[in-house]
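What follows is a short report on a single structure.
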């Protein structure tokens with residue numbers, strides 16, 4: 001029993017720490033890029049995508065914090081409406097995060113494409129096309145996740161093994177094998193498509209970086225080889241985030257299938273939640289640390305606070 005209590009406490013501290021740190025980091029990233037976006041005469045699409053991604057991740061972590069409260073604290077039970085609304089919103093925001101990360105990769109691939117490339121003709125209209133694609137994918141996610149509005153219920157008082165644990169107040173109704181297979185296949189195809197798109201765009205950017213490095217070595221230019229351009233730094237940042245995202249996605253699926261295999265209702269579920277929200281927590285730190293103007297803003301703010 002003591003071992004279970006210790007694991008429960010560790011999971012609770014880890015989850016709330018992840019949520020609080022992620023909310024703080026995404027808030028800083030969101031407001032910093034929003035100020036840049038509003039302060040520019042010609043707003044850069046890159047700032048718009050970072051604002052969208054950080055806002056989505058911020059709301060996702062806030063929603064996750066509310067769900068975590070119901071998982072670990074007995075502050076009164078929810079009825080079906082809060083359960084359905086929060087779980088549905090949480091599922092949507094997770095899908096939106098994947099879409100935003102994928103489309104950021106695609107946008108940067110189009111931005112870096114040379115004039116001779118077939119992608120160059122999309123440069124001027126890429127923000128409009130990508131925004132339209134994002135809205136289309138959002139509507140698609142909303143329709144595919146709509147079954148949660150009827151599958152999620154308030155956990156009944158009676159003890160039963162037919163309900164799948166979600167939180168203390170919420171449970172998932174069992175579905176037929178055909179419905180489960182349909183939803184699982186649809187989700188797998190959708191996410192495989194988006195991750196494949198991310199992988200292709202990342203491969204394209206790696207090729208461009210390699211060519212740029214070869215050209216710099218050929219020209220024997222120390223200025224090109226010793227100091228990376230803002231485009232190269234941004235490309236490395238996005239590639240790093242892409243690699244991190246894929247690793248976490250694979251790890252999350254391993255934990256999910258372990259949960260299904262061992263029929264564990266809480267332990268593997270908590271680990272899965274922590275892993276699945278790690279990207280939303282860590283990615284803003286990657287952007288903050290790799291963008292020079294962000295570090296300058298934070299240093300100036302810290303200096304002003306210290307001087308006060």
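Every residue gets a Cβ built from N, Cα and C, even glycine.
Positions annotated as topological domain 'Extracellular' by Swiss-Prot: 1-18 (among others).
Counting only same-chain residues 6+ beyond the ends of the transmembrane segment (19-39), those with a CB under 8 A from a CB of the stretch are 47-48, 50-51, 54-55, 57-58, 61-62, 64-65, 68, 277, 280-281, 284-285, 287-288, 293-294, 297-298. Annotation comment: Swiss-Prot describes 19-39 (among others) as transmembrane segment, evidence class sequence analysis.
Model confidence over the topological domain 'Cytoplasmic' (40-48) stands at 72, taken as the mean pLDDT rounded to a whole number. Taken from Swiss-Prot, the feature topological domain 'Cytoplasmic' applies to 40-48 (among others).
Cβ atoms under 8 Å from those of the transmembrane segment (49-69) belong to residues 12, 15-16, 19-20, 22-23, 26-27, 29-30, 33-34, 37, 75, 86-87, 89-90, 93-94, 96-97, 100-101, 103-104, 107, 130, 134, 167, 273, 277, 280-281, 283-284, 287 of the same chain, restricted to positions at least 6 beyond its ends. The transmembrane segment feature in Swiss-Prot is assigned to 49-69 (among others); the stated evidence is sequence analysis.
Feature annotation from Swiss-Prot assigns topological domain 'Extracellular' to 70-91 (among others); the stated evidence is sequence analysis.
Around residue 83 (disulfide bond), the same-chain residues six or more apart in sequence whose CB sits under 8 Å from its CB are 152, 153, 154, 166, 167, 169, 170, listed in sequence order. The annotation disulfide bond is assigned in Swiss-Prot to 83-170 on the grounds of sequence analysis.
The transmembrane segment annotation in Swiss-Prot covers 92-112 (among others).
Residues annotated as topological domain 'Cytoplasmic' in Swiss-Prot, with sequence analysis given as evidence: 113-132 (among others).
Residues 52, 80, 83-84, 87-88, 91-92, 95-96, 99-100, 103, 163, 166, 170-173, 175, 179, 183, 186-187, 190, 194 of the same chain, all 6+ positions outside the transmembrane segment (133-153), place their C-beta atoms under 8 angstroms from a C-beta of that stretch. Under the heading transmembrane segment, Swiss-Prot lists 133-153 (among others), citing sequence analysis as support.
Residues or ranges marked as topological domain 'Extracellular' by Swiss-Prot on the basis of sequence analysis: 154-188 (among others).
Beyond its flanks by at least six residues, the transmembrane segment (189-209) meets 98-99, 101-102, 105-106, 108-109, 112-114, 137, 140, 144, 232, 235-236, 238-239, 242-243, 245-246, 249 of its own chain at Cβ-Cβ distances under 8 Å. The transmembrane segment annotation in Swiss-Prot covers 189-209 (among others) and rests on sequence analysis.
Sequence annotations record features per position, and here Swiss-Prot assigns topological domain 'Cytoplasmic' to 210-236 (among others).
Taken from Swiss-Prot, the feature transmembrane segment covers 237-257 (among others). Distant neighbours of the transmembrane segment (237-257): 101, 104-105, 108, 191, 195, 198-199, 202, 205-206, 268, 271-272, 275-276, 278-279, 282-283, 286-287, 290-291; these residues of the same chain sit at least 6 beyond its ends, with a Cβ under 8 Å from one of its Cβ atoms.
Feature annotation from Swiss-Prot assigns topological domain 'Extracellular' to 258-267 (among others).
Residues annotated as transmembrane segment in Swiss-Prot, with sequence analysis given as evidence: 268-288 (among others).
Residues annotated as topological domain 'Cytoplasmic' in Swiss-Prot, with sequence analysis given as evidence: 289-308 (among others).
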Here the 10 Å Cβ neighbour count for residue 170 (disulfide bond) comes out at 25
Please report, as numbers and ranges, the same-chain residues at least 6 past the borders of the topological domain 'Extracellular' (70-91) whose CB is under 8 Å from any CB of it. 8, 11-12, 15-16, 60, 63-64, 141, 145-146, 148-150, 152-155, 166-170, 270
